[in-house]
Amino acid sequence: MKGLLIALLMVGVPGWLGSATPAGLTERADTVRVVLAIHGGAGTITRDRMTPEREQQYRAALREALEAGYQVLQKGGTSLDAVVAAIQVLEDSPLFNAGRGAVLTSEGTAELDASIMEGRTRQAGAVAGVKTVKNPIVLARRVMEASPHVMLVGRGAETFAQEQGLELVPNEYFILPARREQLRRMQQRGMGAVPELQEHAYGTVGAVALDRYGNLAAGTSTGGIMGKRFGRVGDSPIIGAGTYADNAACAISATGQGEYFIRAAVAHEIVALMKYAGLTVEQAAAAVIHGTLTRMGGTGGVIALDRNGRVAMVFNTEGMYRGYVDEHGHITIQIYRD
């Protein structure tokens, strides 16, 4: 029976697994553990569309997030603490589509989603459609730890945030003039006519971490898709689609076309391939992104970190803002496919 299950799970796994590492896949040697990895979203991110100054800004923001999370781990903090610390930096940065700088709904407002999960007990928390919570990732953790629920949305999530004493801000805090202009141009001419929207097409941010106690955690935060219908929710707050963590396998944060990631249950599918088909984190992530997701017509990527500190950063877009830090504090930051 076990052999049959593995055979069934392996159906559709690309033949190049086990051969040369495909583009968009980052492997790490077993001798040095990665303890934290982050992403700032996938999209049409190419060198010819990036100025040196802007690239430096992105690299600096990614480094700041990695350093924030790593410092938490160095002081004995948990993987959950590190994930929240790293994502807060990205939410506070105007460069990414999460928190301040989020894309706008068709009505010109910001609606934010986030989720978090820890791998030891597989507890999770998520929020969707929040408009005044400064750091949605913090609220997602409160849902997990201070309520009997997994997800709160809209007004209920806002009320809970107020009860928990979290920092609230006007919706205008999240909205940048550049985002208003992008929305105006998109509504006039379509998303394809606004190049910078392709760069941030799936500008979710996320983090995965492994702490000294051997526990994994994952978190994801986003503003969604520019011009989305108000009330739309993508994969980022959906446990098993945009976020998942299981100490028996890995922690995952995804970025991409949310509807496809939900339909493919991308994050959980990667975990299942590791647990039941015996694939490595690199193989499982590649099988789902380059196999299942691509065949469905979806685009995006994931960061995945296994219990041994091996990281995979896999995407089928032109680029993905990403980086990781190992147990010695060495930081690696990448943006483009090559």
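Glycine is no exception: its Cβ is also placed from the backbone N, Cα and C atoms.
Lifted from TrEMBL, the feature list:
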- THR204: active site, nucleophile (ACT_SITE)
- ARG232, VAL233, GLY234, ASP235, THR255, GLY256, GLN257, GLY258: substrate binding site (BINDING)
- 1-19: signal peptide (SIGNAL)
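Overlay of TrEMBL annotations on the structure.
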{"residue": "THR204", "record": "active site, nucleophile", "contacts (Cβ under 8 Å, 6+ apart)": "HIS39, GLY41, ASN97, ALA98, THR220, SER221, THR222, SER236, GLY242, SER253, ALA254, THR255, GLY256"}
{"residue": "ARG232", "record": "substrate binding site", "contacts (Cβ under 8 Å, 6+ apart)": "THR105, GLU111, GLY224, ILE225"}
{"residue": "VAL233", "record": "substrate binding site", "contacts (Cβ under 8 Å, 6+ apart)": "ASP113, ALA128, GLY129, VAL153, GLY224, GLY258"}
{"residue": "GLY234", "record": "substrate binding site", "contacts (Cβ under 8 Å, 6+ apart)": "ASP113, THR222, GLY224, ILE225, GLY242, GLY258, GLU259, PHE261, ILE262"}
{"residue": "ASP235", "record": "substrate binding site", "contacts (Cβ under 8 Å, 6+ apart)": "ALA241, GLY242, ALA254, GLY256, GLY258, GLU259, PHE261, ILE262, VAL266"}
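Residue environment of THR255 (substrate binding site) contains 34 other Cβ atoms, counted within 10 Å of its Cβ in all protein chains. DSSP gives GLY258 (substrate binding site) a helix state.
Pairwise Cα distances among ARG232, VAL233, GLY234, ASP235, THR255, GLY256, GLN257, GLY258, which the record gives as the binders of substrate, peak at 16 Å. When other Cβ atoms within 10 Å of the Cβ of GLY258 (substrate binding site) are tallied across all protein chains shown, the result is 28.
Take the CB of GLN257 (substrate binding site) and look out to 10 A: across all protein chains shown you find 21 other CB atoms. Secondary structure at ASP235 (substrate binding site), taken from DSSP and collapsed to helix, strand or coil, is coil. THR204 (active site, nucleophile) falls outside any helix or strand according to DSSP and counts as coil.
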